[in-house]
Amino acid sequence: MAVALFFDSLAPLFPQIAKSYNISDGTFQAMLGASYVAFAFSQLISVFIINLVGPSRTSSLSCLYLGLAAILLCLIQNSHVFGAVLLSMFAINSMGSNATRVALRQATSDAAYKKIYAWATGAVEIKQIAMPLIAGALSAAFGWRVAMTALVTPVVVAGVSIELIDRRQPEKTVRAKTCVPDHSGWKTLLTMPAFVKPTLIAAAFQIAFSPLSARLPFLLANEARLTPTMVGLVLSASTSAVAGGLFVSGYLAPRWPGKALMQTGAMIMMAGAVTMLFGRMLGVCCAIAATIVVQAAFGFIIPPCSGDALSASEQHRITASAIFGFVQAIVAGLSIAIVGASGLAKTSAITILPAMAVATIVAIMAVIRD
């Protein structure tokens, strides 16, 4: 939870960070895209790390590294070194996120996982409602370096706490949490429609969600010309929309099948697509509202897709989690990088992304049968 709050709180700082290193908006968004690609490939590498040291140790070491890297970001002056450190933070966080997801799924049933995943993520988003505003206010008052140092402190505390708890457990208990890997699991999972379908649906959602979310802080700061504090306030509103979707999804998860939740998410995205098309005529405020509507669909797409994808047998679960995370991150990263590097973020072409994502989701649901 602390790590999620940290990364989500960085968004209001991005415009100031980019200016301090003389990095253009498009280049910075492309840099974020590359970081997502690093996150993606680290999901695959994490299979071996988790099997080697266990989920708890992987999570704790990830938190501690993020703390050290964040402090380093505050000290360096070179933009290239900054990019390398930022990329490494996403890569290491990837391993910790997969470890956390595996630990939760191993401890719960399929329905309980979807509910807890949605509500836990919703709880993070609820706390995150105030975080962009706090981060923006800290950045405006003291600069982004002080803000980043304050935001990463809970991550370090969480890492130390997990490590201390983990060391108190007998080694055999820690090892027992991780199954012996089945190296044939990769091919097995990729032939299972029950795994492939939700994985591809979640990836299709990222086509719109990730570029629009990465663009939003820059849209607020540079096109709407809001102050850092106001940027944080609007981002808090978008976080509220995501949290609302997650809590509703978590409530409905034991009652509705995953397909119904995904269809609801697709309908919300379609509403965002229509709003965004109107934004071409009505201006930047409509584009901001459309982005928030698309973000609200997150809770109806990702938790049920994650739960269905991780319903594989226990011996395949770590691999399933890694592949699921890899596909989401690689699609998100490439989408952000392509949109940022090509300059599409500054053109009306970006308005078609939600419609593309919805069309892809509908096609996947129609073509792939469980």
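The backbone N, Cα and C atoms fix where each Cβ goes, glycine too.
No curator has checked TrEMBL annotations; they are predicted automatically.
What TrEMBL lists as transmembrane segment is 30-53 (among others). Among residues of the same chain six or more beyond the transmembrane segment (30-53), those with a C-beta under 8 A of the stretch's C-beta atoms are 14, 23, 61, 83, 86-95, 98-99, 102, 178-181, 210, 214, 318-319, 322-323, 325-330, 332-341.
Within the chain carrying the transmembrane segment (65-92), a Cβ under 8 angstroms from the stretch's Cβ atoms is held by residues 3, 6, 21-23, 31, 34-36, 38-39, 41-42, 145, 148-149, 151-153, 155-156, 159, all 6 or more beyond its ends. Summarising the annotation, TrEMBL assigns transmembrane segment to 65-92 (among others).
Feature annotation from TrEMBL assigns transmembrane segment to 142-165 (among others).
Feature annotation from TrEMBL assigns transmembrane segment to 186-209 (among others). Note on the transmembrane segment (186-209): residues 258, 262, 265, 269, 272, 294-295, 297-298, 301-302, 304-309, 311-312, 316, 319-320, 323-324, 327-328, 331-332, 335, 353-354, 356-357, 360-361, 364-365, 368-370 of its chain, located 6 or more positions outside it, place their CB under 8 angstroms from a CB of the stretch.
Feature annotation from TrEMBL assigns transmembrane segment to 229-253 (among others).
Below 8 angstroms of C-beta separation, residues 205, 208-209, 212-213, 215-216, 219-220, 223-224, 234, 237-238, 241-242, 244-246, 348, 351, 354-355, 357-358, 361-362 of the same chain, each at least six residues beyond the ends of the transmembrane segment (265-298), sit close to that stretch. Annotated transmembrane segment per TrEMBL: 265-298 (among others), in sequence order.
Outside the transmembrane segment (318-341), and at least 6 residues removed from its termini, the chain residues within Cβ reach (under 8 Å) are 25-41, 43-44, 46-47, 50-51, 94, 97-98, 101-102, 105, 178-179, 181-182, 185-186, 189-190, 195, 198-200, 202-204, 206-207, 209-211, 214-215, 302, 305-306, 309-310, 312, 350, 353. Sequence annotations record features per position, and here TrEMBL assigns transmembrane segment to 318-341 (among others).
According to TrEMBL, the transmembrane segment annotation covers 348-368 (among others).
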